[in-house]
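Peer 1: Have a look at this one before I ask anything.
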Amino acid sequence: MIPVVTIVGRPNVGKSTLFNQLTRTRDALVTDFPGLTRDRKYGRAKWSGYEFIIIDTGGIDNTKKGIETIITEQSLLAIKEADIVLFIVDGQSGLMVADQNIAKYLRSCKKKTVIVVNKTDALFTESTRCDFYTLGIDKMVFISATYGRGINNIIEHILLPLVRDLPAEDNHKKAEILTIAIDENEKSLPSLPIKIAIVGCPNVGKSTLINCLLGQNRVVVYDNPGTTRDSIYIPIVCNKKEYILIDTAGVRKRSKVLDKLEKFSIIKTLRAIEDANVVLLVIDAYKGISDPDLSLLSFILNSGRSLVIAVNKWDGLSSHQREEIKNNINYHLRFIDFAKVHFISALHNRGISNIYKSVNEAYQCATIRLSTALLTRLMHKAVNEYQPPLVCGRRVKFKYAHAGGYNPLILVMHGTQVKKIPNTYKRYLINYLRRSLKIIGTPIIIQLNESVNPFSFNNKRLTKMHNFKLLQSKNIK
């Protein structure tokens, strides 16, 4: 069993910075802004051959209303999951009432707890050190998470002894897990979990949909745009199949994004799309297709990701409004008719059941193995049914086709003059292959390669001796 380490504390004490230091990543957003982290964020750390699960949490506040209450609930759930708790306090601002309340709760939980005094690089006095001992927790370390000072003390004196103190049975199981662990690159695609990125505009119900798919309140949901600020990766098993759900921040028009924090959140969302296998685009039924939705669709297709569309808040519309929205969607999304569209209500758990089925279909189509013989036969059949237009008075000749990649699905076609065919004929080939192969939910990318004439003058390269003889002949003349 891999030890779980939870990082807790009041807002803006450096929890996310410590999370990044321990996991050696930049997964958690960090800024000098209290209340940035809201959801539980999980990461893996590996030191001296041992593995840990690190949980970053939102700040625990004394506020008893609003979104801070929900953030605190998420942090308390993370404490219950922990084998050891790293309780971070601010060495510059000193002991606060909120620190005392957190320490009181941790003592009642009877969890292994270590006080981590952060920001000890300046304005840290001996009296401040003594104040933290009044919290009633014996173990204490002093660090500067920003500059990486004292991180080794946490690892060597706290985390590694925790693993060594585990029962021999657990250590044996851990050794087995590490032995049979295989690099993702060496696994076959079907054996890997399917990564599903849930994206959309702010306040369309992405986090509500994730909680609905999970069957628990895993991420913070609040009736306020911009609640989710970071990309949260959540593993789940459904019908004996593994998935990783990625909750992302909402994306608005570029002209409206002025805050630096929101810019970083959008960058993390775009990275999550590139990292995902299937993208679930959530659209607000009340607003229909907006410009940010079309921009997201463009980025998804350019990234070659498989696509499923969910129109949320469908239960709140009248029959007339539903007909209008369907017409609006059919008009704006006519260029991606291969994607499945689901009309759902995440709040009331309606229409959710078929989403996993569509995701599986899209992923299977994106990773399907196609033989060269089959693709060549279909290509010639498509060309015979509808000949490509002449190029400079010459007939385009297709020779053979083969698969060039998966997820996204890339098909490579070879021939003469093929690079000069118009885009309309290229779209015809894509649609023909899609119908013949029954590819749904994923874009098809066609690459055209022309045969090179080995006797063309442009491809002849003279050797140094030929150049020398040519120069001599010119001088003689």
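Placed from the backbone N, Cα and C atoms, the Cβ positions cover glycine too.
Automatic, uncurated: that is what TrEMBL annotation is.
From TrEMBL, here are the annotated features:
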- 9-16, 56-60, 118-121: GTP 1 binding site (BINDING)
- 200-207, 247-251, 312-315: GTP 2 binding site (BINDING)
- 3-166: domain 'EngA-type G' (DOMAIN)
- 194-367: domain 'EngA-type G' (DOMAIN)
Peer 1: Please identify, among the binding-site residues Gly200, Lys206, Val251, the one with the smallest Cα-Cα distance to Ile60 (GTP 1 binding site).
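Peer 2: For Ile60 (GTP 1 binding site), the closest Cα among Gly200, Lys206, Val251 is found at Lys206.
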Peer 1: Specify the secondary structure state of Ile60 (GTP 1 binding site) as given by DSSP, simplified to three classes.
Peer 2: coil
Peer 1: Compare the Cα of Gly200 (GTP 2 binding site) against each of the binding-site residues Gly9, Asn12, Thr120 and report the nearest.
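Peer 2: Spatially nearest to Gly200 (GTP 2 binding site) by Cα position is Asn12.
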Peer 1: With Thr248 (GTP 2 binding site) as the reference Cα, tell me which of the binding-site residues Asn12, Lys15, Thr57, Thr120 is the closest one.
Peer 2: Thr57
Peer 1: If I take the Cα of Val251 (GTP 2 binding site) as reference, which of the binding-site residues Gly9, Lys15, Thr57 has the closest Cα?
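Peer 2: Going through Gly9, Lys15, Thr57 one by one, the closest to Val251 (GTP 2 binding site) is Thr57.
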Peer 1: State the count of C-beta atoms found within 10 angstroms of the C-beta of Gly200 (GTP 2 binding site), not counting that atom itself.
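Peer 2: The Cβ of Gly200 (GTP 2 binding site) has 26 Cβ neighbours within 10 Å.
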Peer 1: If you draw a 10 Å sphere on the Cβ of Asn203 (GTP 2 binding site), how many other Cβ atoms land inside?
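Peer 2: If we count other Cβ atoms within 10 Å of Asn203 (GTP 2 binding site), we arrive at 16.
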Peer 1: For the domain 'EngA-type G' (3-166), what's the mean pLDDT in this predicted model?
Peer 2: 79
Peer 1: Which has the fewest other CB atoms in a 10 Å radius around its CB: Asn12, Thr248, the listed binding-site residues?
Peer 2: Asn12
Peer 1: Return the member of Gly9, Asn12, Thr57 nearest to Trp314 (GTP 2 binding site) in space, with distance defined Cα to Cα and candidates limited to these binding-site residues.
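Peer 2: Checked the binding-site residues Gly9, Asn12, Thr57; minimum Cα distance to Trp314 (GTP 2 binding site) goes to Thr57.
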Peer 1: Which one is it: of the binding-site residues Gly9, Asn12, Thr57, Thr120, whose Cα lies the shortest distance from the Cα of Asn203 (GTP 2 binding site)?
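Peer 2: With Cα distances computed to Asn203 (GTP 2 binding site), the winner among Gly9, Asn12, Thr57, Thr120 is Thr57.
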Peer 1: Would you count the other CB atoms within 10 A of the CB of Lys15 (GTP 1 binding site), including those on all shown protein chains?
Peer 2: 31
